[in-house]
Every structure is written in structure tokens, then in C-alpha cells.
Amino acid sequence: MAQQAADKYLYVDKNFINNPLAQADWAAKKLVWVPSSKNGFEPASLKEEVGEEAIVELVENGKKVKVNKDDIQKMNPPKFSKVEDMAELTCLNEASVLHNLKERYYSGLIYTYSGLFCVVINPYKNLPIYSEEIVEMYKGKKRHEMPPHIYAITDTAYRSMMQDREDQSILCTGESGAGKTENTKKVIQYLAHVASSHKSKKDQGELERQLLQANPILEAFGNAKTVKNDNSSRFGKFIRINFDVNGYIVGANIETYLLEKSRAIRQAKEERTFHIFYYLLSGAGEHLKTDLLLEPYNKYRFLSNGHVTIPGQQDKDMFQETMEAMRIMGIPEDEQMGLLRVISGVLQLGNIAFKKERNTDQASMPDNTAAQKVSHLLGINVTDFTRGILTPRIKVGRDYVQKAQTKEQADFAIEALAKATYERMFRWLVLRINKALDKTKRQGASFIGILDIAGFEIFDLNSFEQLCINYTNEKLQQLFNHTMFILEQEEYQREGIEWNFIDFGLDLQPCIDLIEKPAGPPGILALLDEECWFPKATDKSFVEKVVQEQGTHPKFQKPKQLKDKADFCIIHYAGKVDYKADEWLMKNMDPLNDNIATLLHQSSDKFVSELWKDVDRIIGLDQVAGMSETALPGAFKTRKGMFRTVGQLYKEQLAKLMATLRNTNPNFVRCIIPNHEKKAGKLDPHLVLDQLRCNGVLEGIRICRQGFPNRVVFQEFRQRYEILTPNSIPKGFMDGKQACVLMIKALELDSNLYRIGQSKVFFRAGVLAHLEEERDLKITDVIIGFQACCRGYLARKAFAKRQQQLTAMKVLQRNCAAYLRLRNWQWWRLFTKVKPLLNSIRHEDELLAKEAELTKVREKHLAAENRLTEMETMQSQLMAEKLQLQEQLQAETELCAEAEELRARLTAKKQELEEICHDLEARVEEEEERCQYLQAEKKKMQQNIQELEEQLEEEESARQKLQLEKVTTEAKLKKLEEDQIIMEDQNCKLAKEKKLLEDRVAEFTTNLMEEEEKSKSLAKLKNKHEAMITDLEERLRREEKQRQELEKTRRKLEGDSTDLSDQIAELQAQIAELKMQLAKKEEELQAALARVEEEAAQKNMALKKIRELETQISELQEDLESERASRNKAEKQKRDLGEELEALKTELEDTLDSTAAQQELRSKREQEVSILKKTLEDEAKTHEAQIQEMRQKHSQAVEELADQLEQTKRVKATLEKAKQTLENERGELANEVKALLQGKGDSEHKRKKVEAQLQELQVKFSEGERVRTELADKVTKLQVELDSVTGLLSQSDSKSSKLTKDFSALESQLQDTQELLQEENRQKLSLSTKLKQMEDEKNSFREQLEEEEEAKRNLEKQIATLHAQVTDMKKKMEDGVGCLETAEEAKRRLQKDLEGLSQRLEEKVAAYDKLEKTKTRLQQELDDLLVDLDHQRQSVSNLEKKQKKFDQLLAEEKTISAKYAEERDRAEAEAREKETKALSLARALEEAMEQKAELERLNKQFRTEMEDLMSSKDDVGKSVHELEKSKRALEQQVEEMKTQLEELEDELQATEDAKLRLEVNLQAMKAQFERDLQGRDEQSEEKKKQLVRQVREMEAELEDERKQRSMAMAARKKLEMDLKDLEAHIDTANKNREEAIKQLRKLQAQMKDCMRELDDTRASREEILAQAKENEKKLKSMEAEMIQLQEELAAAERAKRQAQQERDELADEIANSSGKGALALEEKRRLEARIAQLEEELEEEQGNTELINDRLKKANLQIDQINTDLNLERSHAQKNENARQQLERQNKELKAKLQEMESAVKSKYKASIAALEAKIAQLEEQLDNETKERQAASKQVRRTEKKLKDVLLQVEDERRNAEQFKDQADKASTRLKQLKRQLEEAEEEAQRANASRRKLQRELEDATETADAMNREVSSLKNKLRRGDLPFVVTRRIVRKGTGDCSDEEVDGKADGADAKAAE
């Protein structure tokens, strides 16, 4: 029953498919698909076709509807209903795909193949298709053998991994709620079952169980209920399952992406937070609730919606399942309780309430009950916790202060803490699961990755999390498109097969670039990261920057809703998504309270402190948090000190994921959501259609059908399928390609089914599966034959064995019979009794000999035992010696291995250093290029400053002229004031109407600009259709003219001749009617002509209309153009009327020649025509006179505007001179700035390079010293202990000498780099002082320049406004009332034109869409027909093959019948022979009977002589018996022969009947086949002809489109060139000035940042160098202690004191040189106290060493007590070795700390202080380790008591080494002195730089005074201007208001725009 239920949801009902009624109905009704608003598409019957439309009858209700042909889609035959692979559909279109999916979904079949991938629709219910039996059904099966299922996809990936040894990935994609997570679980379930190393089904391995239980844990902690999905994954995961070579699972790893941690604190309506919160509150027992302080749901603020339940799920049961899963995963109970405590603590954090105090904004906590619960659960102090929230300690300067928080800040801190705590717990859980899943020791050979990431989300308002999720889905969809469409076709082209590249238009790269592009222009994430750098940045500024940078992007839109709605929109592949950028900056930076984080790090709860162990790396500064590095192996390792945001980390993780997926073979599963109501059995067609379009399902099927999805390498194809063509390939060598060609010929494959490339054979879909089936059949036949041979061989072998047994039995029988005859013979009895007696005597002799031999053997045995005991003793001794030698040899090999490892490390470090050197060289080259670029910029700035100075001079002269002109203009203004008051009302009306017109025109022009691109693409089609339309219109006009002329004549004849007959009256009536129609047609004709002309000139006139509306000149030009157009229309009308009159004449002559009345009417008509001609000529003359008047007016206006233009040019020249003077000054400043930048860049580059080299070489030096000392010790040990193993000793000596050479080389390199470092430090200090001076000068000059630029801009604005007002007043006075009338006429005309244009544009757009639809429909039909043609060809080839096979079978039947006839003849002959034999045998039998009677008589006669004749009697009896037997056998043979003869006769008759039937059937089949073949040939020929016609038509259309496109492109390029030339003159000056200002500001900001960084890094570097030198002194002193005890201790104390003095001196110098270094003074003092404490402990240890030295001296004096002396020496040596190693580790750690402190200066020493504290803890641990190692050393010394002499030799060697170390210490002290001298020189240079800076400051003050004077003059001018008239004041205020809201660059642009307008 269970299997039948599962089959219902897997297999299709064949009866439904093979229904003949449905087939007949489909063929009879001509069923098609038509669009439906309700069902997407619905079936209809095609009734009639009328032009472009068709009449269809809907199947559902029988209603007849008119539908456009382009909207109709073909329907597949019923046999394709519910097809499993949609690539098999004959008609591939959206309707067929949707119908197939819908039918399968309603039948419970949720899985459907779509070409190469699988489509699954969420059923919203449980289906019985995931059991163990179903898994077994799909195990090892091919894809076409089983129905579609997720198991089939998984099995295909698994088999491909095993067969091709290629990593696989299964990508489950789709929207949220489509079923991705459930399908991911089914994939893991199948792999755990199939690839388990445990064969039994019941006994499942621990690893497989843990793998299956990982998902429930992650779902509990990372999934939640949303509006669309009850179990929505709120994080992404990539599950990597590793397999060994045999295909067994050896481990797994889970990578997670972007947990939506904000859900832990708030949820949307009807949504839940993460499941684990509800599981815990519902499933915890009373004891657990009291321990975790749990409360009801409504008591928690973070549970926004209270207790929201999920239908069909019990939270209590799920809690038990989750705890059981954690137990299976191996998570101990204490860690489980830690997780639950953290969950309860997160809930309690939401209950902490804050209150605002009355008089201040400070927050307070009136009730700390929740805080006490949180502190109890998390193991922290409640007072410290509340203090850290309400009054956290922050660092201000060098001190720490407590800052009071507001209520909002406290709430934000609590929420941030809750989110961070939950996120860290989730990361820890993932790390713990990975640790459990990756504990096996087996090596993984390949892997299968399963991707389950959050689906595409479109809410009403979407936030930062949705952007990241949708960005991920965009990348995955792009991967799908690239894999399915681009890479597939590129491989076709790469392999050189015939293929036309198809562009499916599914490139998502623009949208991805909009989000992730780093620069040019930067994407949204880059802009977000950039805004995070600025302290005053807000979400609003971020949105403004996004709109500014990406406002013109095609995938970016501004929202059209209210202000509180979305901030911007992005057009994703799944639709348009509105984003609200609230708190995006905070989410991207993810800040946290440092005080609380430190408190949690120090928690008494081990689990909580483990979660917060990386407290020093909480904020986005530094690299990723330490825990995230381990928990998220996908994180990229970046340089320390970089600002790491959430967006950057997620982008890097996603980049690594995409790289992993690209390196695998992807298998796509497209999950589709059927409805948003989560109802089972309901499918929303439009929703599914949108998902199918977005996912590229149709395109994937089409490329699968048209392309060659299966491909095999030549060698593999030959190896796999050569069994199908055994004799096709000749023996000997043959190229793989030639062999494949021969094999394909032998296989008789159709040429359309395959393509042969350069390295592979490509097959269409299904061909390879067919070959696999044939191969399986062939292998089956071969195996059956092989089995038959084996069985025959075994049967023959068994028969031979039975024959041997038979002969043996006969021998035994014969022997037994002989024995029975002999046993009673007396002589035999005597022989048996005597024979044993003969052997007894010989046996006694043998016993005596054996006894003698036994005695000898015993003696030998005793001797051998003695020798054996001796040998055993010797063996035991030798074994002991052997063990000793083996131990020695093992020790030697280990030493050699260590030496080899050291050598490998040194080589690796050498390579790293070389790589670093190459990187530094590359950086040097980059810096040189940057310097060159800066020099070029410097020259440009100098030129700009010179130009500005000249402009200032010109402006000064212009200002004086303006003062003179001001008096005259005031007088003019007074005169104009009266006129202005009169015209003001009219002007206001005109201005308002003009504004409205301009706004409408601007809107229409923007629309036209947007549609222009479409019109260009449409131009190709439009020109073609216009030509067709013009032809048709001309024909229509001719016919209409003819009809109109006839009707006119009739009407006129009616009016003129009332006395005519009735026929004439009817004609007159018709003429009257035709007159009316003629008037209408004339209007339509005029409109059509105007439309054609305006559309032809639309592209050329679109840009001109904006300028025409701006000024009255453009209005006059527009009037002129309209008059010309009307004149042309009138002329055309005149010509048309002339043509009509001529036509009327001819017709009248033809029709009315018979009557005289008709002649009179014709004469009257001619008179009327002459009158009409005269009126037309008069109208033309008046029209020309009007045009002449308008031309005169236009010329006068042009002359006046030219005069004004000359005046404005002169003013502009004066302003440009002043601008040049200012630009010259700015150029000088820019030169100085660039020089400073260049110096700074060089110094920074050199400093970083030398510091990196110094650090690397110091590490290398310390490693070399350690290696050298270790090798020296090991060499001495080897010399003493392994005298016999001389070969190994020589090898170790050679290695040690090689390492010493390397060490000496490294020492020389270190000295060189140190000298370079000294020089670089000197240069850096000098440059830094100069840089400070120049920066001060730059700032002063920059301020001066900004003030002067502001003054210049104000003057330019005033001048522009004055000129604009003057020109406006002049125009108003001149134009007057005429302007109003012309404006109104122009307004009406423009409105008409715009309405006509918009209507025509809509018509063209609709026509274009219609043509596009027809094109796509025809293309799809063509593709379907091509596919159908391929299928027909394939079927024809299959039929031909079947015909050949049938002929072969017929020939075989004929041969078989001939064989049967021969066998029949042969059997008859044999029967006749056997009859004769039977007769002869019968005669022989009669004779034998007679002989028997005679023998019986003789028997009676001679019975008395029985004994004598016994033998003869027996012989005769035997012969009789044998004769009887032979008789019976012959009779039996005769009977058998008769039966065989009868059977043969029957068979012969049957074969003859069968032969007749076969011949009849053969004739019938041949006739039928010929008819079918002929019909199909005819059909194929017809289809071929149709296709050829369609292809020719398409080619012709394509050629026309190409020509039109080339013409349009040429016109477009010409227009663009003209536009660029016009815009270039306007924009060059503005762009240069704006770019210079922007570059100057950027350089200033960079200069400030660099100076701050330089000061901070210099202070930190000097402090760290002092500490490094101190530690280096300690290291060298401790190394000296190891070799010479007393001298080392004294040297160490001196070095320590000296280092402390130097440290104090350097600390004082740092405090004096940099003010910012005092920020960390308090922390430094605390750390120094800690260091002093450690130094005291070190002195205690040194005191211990002094005691050991005393013992050593006593041992030297008392040489007799050599053993104790040896103990002391060895303990001392081992202690020094440990101390040296410890100091080396300290040195390495301090150097690492140096790098970390340099990188962490920006975060105010927080990270460095934490690192130092961690370092102190490590030093304490090292002290403990030292004591343990000392004890181990004492144990080791006891073993080496016999080796005192060798130790003494080692002591002498160590003394020599100590002397060398002393020399090195002296060198280091000299280097320290040199560094001090460099520091003093740097301070002197700093003083000199300060002096020069003060000098520049004085010069700057002088410059500011001059600027103030100029400002005063400007202000005086402003006061004078304010005393002017009202209109001027109004306009000036408007300008100020506009500039106040804009940036500086926008102000400059507007000022320049005003200049341009004034110039016009």
C-alpha cells in the first residue's frame, strides 16, 4: 500500500496520456492557448483568421473572442500531457510549460525536469516519496530510468563525482518559501544513505547520524517563521560533504553567511524570532525554568508578537528533538546549559527598561531586576554591568572619563549587545558542529557542496539584510545564466562546431555592478563603506550620495511614493524592490559597547567568556574577529589595520563561495512557490510565470533542445562504446578523432544528432542515454554468452569426472570379485599366515638400531639445549645492544629530520622575503608613477592659478566700469519702472504660462530623450513600415480621390440641374455625400502628411524645441518653421486639388460626353476650378507677405541681441582676467601641496619598506641564531654518542655548516638593512617636519583662496542678474502685447504638436511591442519547427534502420526455412535408413530366438555337465541377455524415429504456413511503410518549403533592419557629434575649474589624514622601537648567560639597566616630540609596572641560576664528584636553552605586537593595550612552563651521566660562541647610539621646520589682510546695489536662496549657467 501511494506521486497515469478521444479532440478543434487574466493562459479553438487578428472559441464557456495572432500560442498534443522532461515538448512556449507544471502539480507530481536542471513546486503538504524504499529505488539508476526526483539529481551528482573525479555542487535556488531548505535536507538524507561506510541499513554510522542531525540544530537556532514561510532560513549555508576515493563520507563542513541577528530583538507583524526561543519557553521543565529564570511569553519585550504558533508543529516536542540532536552531535551537557543560559540572557536583556531623568537627557534604570537576572545568567557583576551601560568609560586625551548615556543610546547599547551575543553563540555552534563532523582521519578526495541560502525577498520596505540576500541571489542567478548559456556556447565555439551564438538577454551584471562595483562609479556597498568613514555621515547623506552617483543607472530608480516610504529602488531580476536605508550605517559598522564586551570577556561563566574571548577585536577595525576566523573559514585574510565592515566581509565571503561554485560542476534545482497563502493544491499562474521568466527556464530548455548538452572526450568515447562497433576500427594506432568518426559511422547515427569537436564528441539530449542502453544490452549478451561457455565447460568437466569414477568403480568391482574367489583357497590362506612372520625378525633388528640412534639423539639434544641456552643469553645481550643502537639511530634520524625541517623553513622564509622584496619594488614603481602624476597635476594647478589672477585683474577693472555704468543704468531703470508696473501683470501671466509650458515641454522632452533610444531601435522597422504605409496611403488616396471626385460631380450636378432625370438627381446626391467625405479625408490627409513630416523631423527638432521655448528668438524661429510647414501643406493641397481636378475632368469626359447638359456642367466646373486657383494664389501671396514681415522682425531682434551679446562678452573678458589671477595663486599653492605630498609619499614608502625588511630580517636573525645553537648542540651530541654511525655524523656536519653559512649571510643582510633603516629614518624625520610646515601654509592659502572665490562668485552673480534684468526689460518693452498673442498662439500650437507627438509615440511604441512579440513568436515557432524537423529526421532514420533490420530478419527467415527443408529431407532419408535397419534387426531377432530355443534344449541335455560347462553356459546366457537388450533398444529407437518424423512433418507444415503469413504481412507492411514514408516526405517537403520561405522573409527583414539601423546610427552619430561640439565650448571652463577645486579639496583632506596618521605612527613606532630594543638587550643578555654563567649574569644586569635608562630617555623624548603620544600614558605606566613585576620575577629566576652557578663552581673544584658536577652542568645548560627559547618567543611576539600596534593606532591604542595584556598573560604562562621544563631537564640530565667528557667539550664550544655573542651585543649597542643620534637630528630638523612655518604664517596673515580689504570693497558694492530698485532685489534673493541649498560645485555651475544665458 505504501509503495502504491508513493507511485501515485511519482509516476504519470498512462491511460490519461494515451486517451485517443483527447487526441482526436485536439486535432479536430485546432486547440491553441490564448492569454487569460485569471489563469494566465486558457485553451481555445481556432475558428477563423482575419488579418492580424484571429477569432477563437474558448473551451471553458464556448465564448468567441477576437485575439491578436501574436498572443496565440500553440498547444502540444495530448500525448505530451504531464511530460516528465519539458525539453520533449514539441511546442515550447510559456503556456505549454505552465500547463505542464500545473497539471503535474495538481496530480501530486511536484518534480519536473526542465532540460539540464530540475523544477520543484512546493506542495505545502507531506508526500510519501522520501522513505528508505524510495531511496533504494533511485540508488544507482540512470536519470531516464526513474521519474523526476531530488534523489535523481543527487544520485547524478554523486555518480558524476565518482566517475569523473570532479567536485560537484547542488544549488537549490528560489524565492523565500519555495522549499529550498527541505530539498537540501533530502539531498543530505540521500547521500548519508548511499555513501555510508556501514553496509547494513539499520546500523547507521555515527558520522552519518551527526550529519543528519546538524540540520535540525541549525534550523532551531537560525530559522524563523516569516509571512511567506513557516521555516524560513535567516542565514545562508554551504554544506560541503567530503568523500574518499571509494565514495564513502569521511567528513563535512558547514559555512554560514549573514545571520539576520536583528530578528533576535524585533520582528514584523505575524512573524516569529528564531525557533529556539519558543522551543525553550515551551519545552523546558520546571527545574530548568527556575535555573534559567524563564518567564511567560508576554513578559519578554524582544518577543514582539508574543506566542506565535506554527500550524502542525509542537514547540515542546521540537525542543526535545533539538536537545537529542545536540547529544548525538557530541555537545556535552555543560555546553548545552551554557547555550540555554545565553538564550535566556538575550531574552532578559530586552526587559531592561531605561528612563529619562527630569532635568537632563541622562538615562537611568529605575528597576534593575532584569539587569540582575542578566548578570546572574551571564556570570558578570550587576553594578559593573549597569555602570557600563549608563555611564561607560571612554578615553578623552590621555585620561578616561565616564560619559552619561541618553535613553536612546542605552537602548541601542542593549540591543546591540543582545544581537552580538546571539551572533557569537551561533558562530560558536557552527564551529562546534564542524568540529564534530570533521574528526575522521580519512582523507577526502572530492566533495559535494549543497547550497541553501535565503531566497529572494520582496517586502513592502526592505532593509540592509534584504539587499545582501537579493545581491546573493543575483550572483547565483548570474552563475546559472553564465553556466547554462554563455559557457555552453563558448565551449561550442572553442571546440569549433557549427553554432550561431544566441543572446538570451539574461545578463544580470549591470545590477550586480550597481551593488558591488568598487569604483567608476562606486556601487551601493562601496558608497556605504565610504560613508562609514565619515563621522558626521547619516543615512540621509548616504542616500543622497547613492542618488548622485547612481541616479542614471538603468537598474536604479528613485521612488515615486511619499517621503516616509522607500529611499531608492533597484530593479532585480525577480522584480523591482524598494529599499529603506534606515540604520544602514550602524548595521554596516556594527558597533558595540567596549565596557560590556570586556566585562563579558571576564565572565565567571566559562562558556560566556569563551564566546567573548576576542574582546580586543570587537569593532569593525582591525581584521575580522578571531572567532570569526575560525568559525568562518571562508573569511579572507586581510591586512591588519583595515576597516572591515559587514558589507565588505559579506562580499568577500560571497566571492569565495562563487569561486568554489565555479570550480565545481553545478547541478541546479529551481524551487518555485505556487502561492503566497501557503495553501496546498493551489497554484497562482501569474506568480509561477514570473518565476519561470526570471529563472530562465524557457531559455534553459531551448538551449538544451537546440544545443548539444552531452559531451564525451574522444578517448573515453572510444573506451566506453567500442564494444558496440567491434570491427569498425582497424588494428594498430589511430588518432582518437578518426576512431570516433569511424565508430559513429558504424553506429549509423544521424548527422544532426552529434557534432565532432577538437577534443570531444557532442550529442543532443537523449542520444548518449540511447547509446548507454545499447551498451548495456550488448554487455548483457556478452555476459550471457560467457556464462553459457562457463556452464558448458563445467558440465564437460563434471561428465569427465563421472566417467573417471565409473572406471574406478569397475576396477573395484573386478578386484572384489577376484578376492571372493581366492579367499577360500588353502594356499592363499597359508600365504597370508606365513608372510607376517618373515617381517617380525627384521623388525627386532630395526628396534635395536633405533634404540642406539635414540641414545645418540638424546646426547645431541642435551648438547643442543646447552648451546641453545648460551645462544639465548647471547641473543638477549645482542637484542639489548640492538635496542640501544636502534634508539640511537632513531634519535639521529629525528635530529636529521629536525635539521631538514629547519632547512625547509629557512628556504620558505627566504622565498617569503624575496616575495616581500618584489612587492616592495612594485610599490616603489607605483609611488614613482604617483609622483609623476602629482607633478603633472602641479603644473596644471599653476596654470589655473595664473588664469585666476588674470581674471581677478579683469574683474577689478570691470568693477570700476560697473560703477560708472551703474549711474546710467539707475536712470534707465527709473524710466523703465513705470513701463514695468504696466507690463508686470501681463508678464506674470506670461511667466506662469511659460513656466507651465516649459515644465510640460521639459517633461515631454525628457520622455522624448528616453524614447529616442527606443525610436532609434525602432527606426529600422519604422522606415520599412512607413514605406509600406506611404504606398498603401497613396493607393488609398487615389481610390478616395476617385470616389470623392465622382461624388462631387454628382452633388454639383444635383444643385445646378434640377430639371434632369432621376438618374442625374441620384448622382447629385452622391456628389454631395462625397463632398463631405472629401472634406474629412482632406483633414485626415493633412494630419497624415503632418504626422509623416513631423516624425521625419522629430529626431532633429527634439533638442531645438527646448532652446526655442527659452527665449523669444526661439519662438520666432518656431513660428517661421510652422509658417513654412503650413505653406508647404498649402502647396501640397494645391497640387492635390489640381490632380483631383484633372482626374475629375477625365472622369467627366468619360462619363458625361453624351449629353449637352453634361458639357455645360463641365464648363461650370472648370470656371469653379479657375476661381479656386485664383484664391489659392492670393492666399499664397498673403502668406509670403506675412513671412517677410516675420523675417524683418526676426532680423531686428537678432541685431539687438547681438549688441547685448557683445556687451556681455566684454564683461566676461574682464571677469576672466580676474579669474586667471586667482587661478595663478591657486597654482602656486597646489605646487607647494604637491611637493609636500611627493615628499611625504616618498618618505612613507621608504619607511614602510625598510620597517618591513627590518622586521622580517630580525625574525630571520633570531630564527637563525636559534637554529645555529640547536645544531651546535646536536652536532656535539652526535659526535660523542654515535661513533659507529660516521655516515650520519658527516651528513649532519654538512647540514650544520650550510646553516651557519646561511646565518652569516643573513647577518650581513641584517646589517645592510639596519644601515638603510637609519638613513630612511633621518629622511623621514626631515620630511615630516617639512610636511607639517607646508600643511599649515596650505591650509592658510586654501582659506584665502576660498574667500576670494566666494567674492568672485558673488560678483559674477550680481553682474549676471543685472544683465539678465536689463535684457528682460528691453524685451518686454519692445514686444508688449504682441508677445502675449504670439506666446498664446505658440502655446496652443505646442500643445497640439505635443499631443500629436505623444499619440504618435504611443502608437509607435505599441507597434514596436507588437512587432517584437511577433518576432519572438516566430522565432519560437521556428525553433520548434527546427526541433520537430530534427525529430522527424531522426524518426525517418530510425524507420530506415527498422526497414534494414526487417530485411535482415526476412533474409534470416528465408535461410532458416531453407535449413528446415534440408533438415526435413535429411530426416526422411534417415528414417528410411532406420526402417531398413529395423527390418534387419527384426530378422536378427528372430534368428536369436531360434538360437535361444536350441540353447535351452542343450541346457536340459547337458545339465549334468554343469560344472564343466559353467563358463560356456555363462557366456551363452550373457549373449542372450545382450541380444534382448539390443532388441529392446532397437525397438525404442524405432518408436523415437517415428515420433520425430511426425514432429518434423508438423513443424514443416507450420513453417510453410508461417512463411505464407510472413510474406503476406511483409507485403502489407511494405505498402504501409511506403505510404507513410511518402506522406512524411510530402509533409517534410511542405514544412521545409514553409521554413525556407519564412527564413527568406526573415532574412529580408533582417537585411532591411540592418540598413535602417546603419542609417539611424549614422544620423545618431552625426547628431551626437554636433551636440558634443556645442556642449564642449560651454563645459570646458566649468569642468576645469570644478575639477581643480575638487582635487584641491581631496588633496587637503588626504594631507590632513596623512599628517594625523604620520604623527600617530611616528609616536607609536618610536615607543615600540624603544621596547623592542629593550627586549633585544634582554634576549642577548640571556643568550650570553647560557654559555658563560657568571659573565652572562653580569652582562644581563648591565644590559637591563642600560635598556631601562634608554627606555626612560626615549619615553621622555616621545612625550616632548608628539602631543598625541601622551594619550596612552596612563596605560603605559600600568604596563610598565607590570613589566617591572615580571622583571623582578626574572631576577628571582636569575638568583636561582646564580645558586646553580655556585654548585657548578664547587663541582669544578671537586672533579672527583664528577656525576654531581655533570648534573649541575646539564641542568644549567638545559635551563639556558629553555630561557633562550622563551626569549626568542618573546622577541617574536613583541615584533608581532609591533605590527599590531602600528595598525591599531587609529583606534587609540585599544587593540595594542589588549595585546600587551594578553602578552603579559602569555609571559606568566611561559614562566610556569619554564619551571615544568626545568624539571624535565633534570630528568634528562640523569640519562647522560656517562657523557661528562663530551659535555666539557660542549662547554668549551659554548664559551667560544659566547664571545661571538658579545661581539654582536657590542654591535647592537653601537646601532642604538646611531639611532639616538638620528633622533636628535630629527628634532633639530623639526625645530627648523617650525621656524619656517611661523614665517609662512606671517605671510599668510598679510595675504588675509589684503583679502579683507577686497571683501570690504565687495561689501560696499553690495550696499550700493541694495539701494537699487525692487525687482533687482527680488531676483537677487532668489539666487541666494538657490545657492544656499546647493554645494559649492553646484553654485559654480549655476553661475556659469547664468553667464551663458546672459551671453545669449
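Keep in mind that glycine also has a Cβ here, set from the backbone N, Cα and C atoms.
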Next on the checklist: For the feature N6-acetyllysine in Swiss-Prot, which residue out of K299, K992, K1277 does the record point to?
Outcome noted: K299
Checklist entry - Of K651, K1024, K1724, which does Swiss-Prot mark as N6-acetyllysine? => result K1024
Item to check | K63, K1696, K1845 - the residue Swiss-Prot records as N6-acetyllysine | outcome: K1845
Checklist entry - Ranges 993-1014, 1741-1762, 1917-1938, 1939-1960: which does Swiss-Prot label region 'Disordered'? => result 1939-1960
Item to check | Residue from Y300, Y400, Y754, Y1460 to which Swiss-Prot assigns phosphotyrosine | outcome: Y754
Item to check | Annotated region 'Actin-binding' segment (source Swiss-Prot; candidates 654-676, 1551-1573, 1804-1826) | outcome: 654-676
Checklist entry - Which of the listed residues, K261, K1716, K1802, has Swiss-Prot annotated as N6-acetyllysine? => result K1802
Next on the checklist: Just to confirm my parser: what is the rounded mean pLDDT across the coiled coil (841-1926)?
Outcome noted: 69
Checklist entry - Mind checking which residues reach the region 'Actin-binding' (654-676)? Cβ under 8 Å, same chain, six or more beyond either end. => result 101, 105, 114, 116-122, 124, 150, 153, 156-157, 160, 164, 166-180, 183, 228, 238, 255, 257, 449, 451, 455, 471-472, 475, 479-480, 483-484, 634, 636, 682-684, 687-688, 691-692, 695, 697
Checklist outcome for this item: Per the Cβ filter (under 8 Å) with a sequence gap of at least 6 from its ends, the domain 'IQ' (779-808) is approached by 723
Checklist entry - If you measure K102 (N6-acetyllysine) to K1357 (N6-acetyllysine) at Cα, how many Å is it? => result 69
Checklist entry - Cα distance, K975 (N6-acetyllysine) to K1357 (N6-acetyllysine), nearest Å? => result 24
Item to check | the domain 'IQ' (779-808) - residue tally per DSSP class, helix then strand then coil | outcome: 30 helix, 0 strand, 0 coil
Checklist outcome for this item: Fewest neighbouring Cβ atoms within 10 Å among the modified residues K1234, K1357, K1392 goes to K1392
Checklist outcome for this item: The sparsest Cβ environment within 10 Å, among the modified residues K102, K975, is found at K975
Checklist entry - What are the helix, strand and coil residue counts for the region 'Actin-binding' (654-676) according to DSSP? => result 9 helix, 8 strand, 6 coil
Item to check | Euclidean distance between Cα atoms of K1234 (N6-acetyllysine) and K1392 (N6-acetyllysine), Å | outcome: 59
Checklist entry - Secondary structure at K1392 (N6-acetyllysine) (DSSP, helix/strand/coil)? => result helix
Checklist outcome for this item: Integer Å value for the Cα distance linking K975 (N6-acetyllysine) with K1234 (N6-acetyllysine) is 56
Checklist entry - Under DSSP, is K975 (N6-acetyllysine) helix, strand or coil? => result helix
